[in-house]
Amino acid sequence: MGIYLFMVYKVIGDDGVAISEQYPLVVSTWPFKEAVRAAWRAVDGNHSAVDAVVEGCSACEELRCDGTVGPGGSPDENGETTIDALIMNGVTMEVGAVAAMRFVKDGIRAAKLVMQHTKHTLLVGEKASAFAIAMGLPGPDNLSSADSIRKWSKWKENHCQPNFWKDVVPLDSCGPYHAKARIDVKEGGCSTRYLMGVAEPRSSLVGPHNHDTISMAVIDKRGHVAVGTSTNGATYKIPGRVGDGPIAGSSAYAVTDSGACVATGDGDIMMRFLPCYQVVESMRLGMEPRLAAKDAISRIARKFPDFLGAVVAVNKNGVHAGACHGWTFEYSVRSPATDDVEVFTVLP
């Protein structure tokens with residue numbers, strides 16, 4: 001479990017506001033070093049935490065980090081790539097998010113536009129795309145790539161296995177699917193009819209390279225906190241699926257008076273528990289980041305012992321710690337105490 005701590009000093013800025021020399025701070029899931037560097041350049045250059053999160057997540061979208069962020073990765077059952085993203089301002093508690101967004105590659109910038117220019121929190125699907133394009137983002141674009149189409153074609157050749165369906169009967173190996181018939185009326189009575197085998201373990205559907213998110217927290221020089229996420233979701237997901245990426249409190253959460261949390265993993269499971277809300281609330285109540293992170297993960301593991309996931313807790317003083325379940329997890333940090341990005345390893 002990684003913990004990072006450094007001393008607190010205060011100086012006074014030109015506007016008379018106290019600036020902590022422990023800040024700025026950038027924390028991100030996974031070793032997405034270029035994304036952290038992009039966020040650091042912004043926040044170290046006196047940009048706000050919100051703007052730094054946008055720069056960091058946008059860099060990951062452009063780099064297509066691990067093939068799970070930005071365009072060109074994680075095809076759904078139809079072979080299409082869609083985008084989920086979120087941004088949250090921990091000072092104002094404003095949130096902007098997009099989900100299942102088609103044809104627009106700039107997920108985090110679209111999320112920021114939702115936060116800045118609407119009174120809504122979340123826009124979805126083609127209407128989110130239309131909004132983003134109307135607000136000036138490039139599009140419509142084909143978000144698939146040669147690699148994503150190749151991956152999807154191999155999956156089709158493998159009879160569309162594994163997939164995210166359960167208790168269904170396909171008309172052929174790749175659907176369409178129908179709810180499993182449980183009662184088979186026969187002459188003389190009824191009998192239970194099981195037409196499918198045991199459900200595929202979720203651990204075979206989720207992993208660092210097929211179901212991942214950049215989730216980033218930034219504390220700027222004024223001590224203001226923001227978080228953001230971007231992902232193209234679970235590989236081979238059912239079209240229309242929305243994971244935890246654009247859900248405030250699940251993939252990320254920020255309250256400047258308490259701290260922030262970022263998360264990654266099996267979003268379909270994690271979003272049922274709002275682990276990042278739990279982490280930040282625990283820190284508000286006085287729990288240290290290490291214990292807050294561990295507690296949030298253990299709540300999920302008690303109900304779903306085979307799930308894969310991780311959280312990083314960052315308190316308002318910049319102390320951070322991670323916890324994970326089912327895999328070895330890494331997260332990245334840049335602070336004034338280091339010359340470059342540091343990667344911390346968290347064991348399950």
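Note that Cβ sites are derived from N, Cα and C of the backbone, with glycine treated the same way.
Record features, source TrEMBL:
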| type | residues | note |
| --- | --- | --- |
| ACT_SITE | THR213 | active site, nucleophile |
| BINDING | ARG241, VAL242, GLY243, ASP244, THR264, GLY265, ASP266, GLY267 | substrate binding site |
Seminar exercise, completed: Quick note, ASP266 (substrate binding site) and the residue listed as 'active site, nucleophile': C-alpha atoms separated, nearest Å, by 10
Problem set entry | Integer Cα-Cα distance in angstrom, VAL242 (substrate binding site) to THR213 (active site, nucleophile) | 13
Problem set entry | For ASP244 (substrate binding site): intrachain residues, at least 6 apart, with Cβ closer than 8 Å | THR213, SER250, SER251, ALA263, GLY267, ASP268, MET270, MET271
Exercise. To which of the binding-site residues GLY243, GLY265, GLY267 does the lowest count of other Cβ atoms within 10 Å belong?
Worked result: GLY243
Problem set entry | Pairwise C-alpha maximum, in angstrom, for the residues (ARG241, VAL242, GLY243, ASP244, THR264, GLY265, ASP266, GLY267) that bind substrate according to the record | 16
